[in-house]
Amino acid sequence: MGSLFLLGLIVFWDTARTELPAFNLTVSPKVFPYAIAALLMGLSALLFVQILRGDLAIPEGLEAGDPIKNSDYKTFGIVMASLLSFLLLIERAGFIIAASITFFGITVAFDNKKHVRAAIFGTLFITVIYLSFTHFLHVQLPAGILKGL
Amino acid sequence: MDNVNSLIDGFASALTLSNLGFGLLGTFLGTLVGVLPGIGPALAIALLLPITYTVSPASALIMFAAIYYGAMYGGSTTSILLNTPGESGSVITALEGNKMARNGRAGAALATAAIGSFVAGTIATLILAFTAPTIADMAIKVGAADYVALMLVAFTTVSSLLGASQIRGFISLAVGLVLGLVGADLQSGLSRLTFGNQAAVEGIETVPVIVSIFALGEALYIASRFKELGWNIIPMKGKALMSRDDWKRSWKPWLRGTALGFPLGVIPAGGSEVPTFLSYSVEKKLSKNPEEFGHGAIEGVAGPEAANNANAAGALVPLLALGLPTSATAAVILVAFQTYQIQPGPTLFLTNGALIWTLIASLFIGNTLLLILNLPLVRVWVQLLKVPRPYLFAGIVTFAMLGAYALNTSIFDVQVAIAIGIVGFLFRRFGMPITPLILGLILGPNLELQFRRALQISAGDYGTLWASPLSKVLYAVLIIALFTPIITRFMKRVRKDAHA
């Protein structure tokens, strides 16, 4: 039932979003968004009917009929937090700090017990990547607060 | 004989010391990334794109070719030893190859996969070299309306043939089309779906989308199911060698796999899933001992692996000749081309001829390098499978974020990447295929362009869309592709009722 409700939400979300192209005013660039909006709405209605008829979504890697377990919110949450920290830190603190924190966060999420080792290895790994990109490949990455070191 | 001369020129420019170096680096990195569990060739190329941002187009294309084949080799190693296929084309390899590995025949499975891929890749690239220019020549006459039809056919086949549910395939496509809409309209300059965000006017970059939908989506999905998943590496004993009997049983499946894989790659048949499954069932039918299938039959690895590689080379034909990607991997390569302002399509062989022949030559070289490199080095790659999972995901995710940011050094791309990562997670959770989304995102704007061009030429007469004979044929194909799954499902139900 949980997955059914969530799928309903997605359908709703899809449908809500499809109204957006109505903001367009000129005639010609509107044709395509309208067509796509109509397609999306039609499809979500069809999917809704399919779900009502009992055709539930099968998560990837499972076979039809496999029990669907509750999601692991803690692991998921830490991964999300690590991603967001990169977004917040990349331009403020620089690549090395942002990426090292993301790296470390994800090792924590995936249940790595040796935190100190992961932190040291992660930082070293990220520093090597940073140096090889900026020096050998000439791809600019923000140095951030470590600038000048 | 023009093609032969061009190809020789291609070899000449691909075989310079620095380009050979890039090729070697590409095979190495491609295999390295491809071996990592859960990473298919599409993601491997997308992840490695940032490395090529600053090298010359020719070297970058050579590297891509090498990464492409390298990632496929790496993927089959992982499928056999770990039973985690990184893409739909390796599902069969995982199925049969993993059984072989369990029976202590990992070496033979890896060898037949590697040599079979080499044979298939070489034959297929040879056919590619001679068909793509011819098709491109013919395609120059193809009009805008025919392109519209062609793209619609590609959309339909990819959406309805992949995955279990046709509706979910089309929903995935539609989401991709919506993403393709974001940004300023190419002709009128009107901003669409940007909500006043300046960075969004440029449109959504395809590279971060592809990387995130695979890498971040996968990481989030695995995280959400973390408690229930485990994994098991099968140790490899001995060398990657085949006995005389293995050779005897492998060479025919290789050739048959190539014959199935290549044509199914050229037509938009929904990627490598169909040819590998077909090859498997053909080998099972032709085998003298079909009872071995499902318990580790070498033919069941040799055939599908060859089909998979030939299919990948086949997919390059419509990509190079028409600018039409028919698989996720081809779509990523198209994006890679576009990074260098190279637009694949009918005129490609005229405008960038030298470059393309270098690419084709480097496909041969990459394939050969891989065979030489991988059979002896297979033990090194196997060690990579022992990278602890937390480090593996941490590395993939940080690299994905790096790629998203480094493309334009733009924070907006990182925001898009995270949002798309969540979409990728939801798609996995609710059984939606991902390839249609990528095709929609990349081809959507192109479809709109050709659609408008056709209508401009006809001064608004919609009849022009199905006026030419070619477009009529294409629409017929479209209808067949759309209704075949529905009809077969209906027939199955009728038959089931009849039995009951």
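In case you wondered, yes, glycine gets a Cβ from its N, Cα and C as well.
Among the features that TrEMBL reports, transmembrane segment is placed at B:12-36, B:42-69, B:108-132, B:144-162, B:169-186, B:206-223, B:315-337, B:349-370, B:390-407, B:419-443, B:473-491. The annotation domain 'DUF112' is assigned in TrEMBL to B:21-439.
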- Query: Mind checking which residues reach the transmembrane segment (B:419-443)? Cβ under 8 Å, same chain, six or more beyond either end.
  - Reply: 42, 151, 154-155, 158-159, 162-165, 168-180, 204, 206, 208-210, 212-221, 224, 270-271, 324-325, 327-328, 331-332, 334-335
- Message: Considering only Cβ pairs within less than 8 angstroms, which of the stretches B:42-69, B:315-337, B:473-491 has the most against the transmembrane segment (B:108-132)?
- Response: B:315-337
- Going through B:42-69, B:206-223, B:315-337, B:390-407, B:473-491 one by one, which has the most CB pairs that fall under 8 Å from the transmembrane segment (B:12-36)? B:42-69
- May I ask for the residues of the chain that lie six or more residues beyond the transmembrane segment (B:349-370) and have a Cβ under 8 Å from a Cβ within it? 6-7, 9-11, 13-15, 19-20, 23-24, 26-27, 31, 57-58, 61-62, 64-66, 68-70, 73, 114, 117-118, 121-122, 125, 128-129, 132-133, 136, 313, 316, 320, 342
- Would you kindly check B:42-69, B:144-162, B:315-337, B:390-407 and say which stretch has the most C-beta pairs under 8 angstroms to the transmembrane segment (B:206-223)? B:390-407
- Stretch of maximal Cβ-Cβ contact with the transmembrane segment (B:42-69) [cut-off: under 8 Å; candidates B:144-162, B:315-337, B:473-491]: B:315-337
- Over the domain 'DUF112' (B:21-439), what does the predicted model average in pLDDT? 79
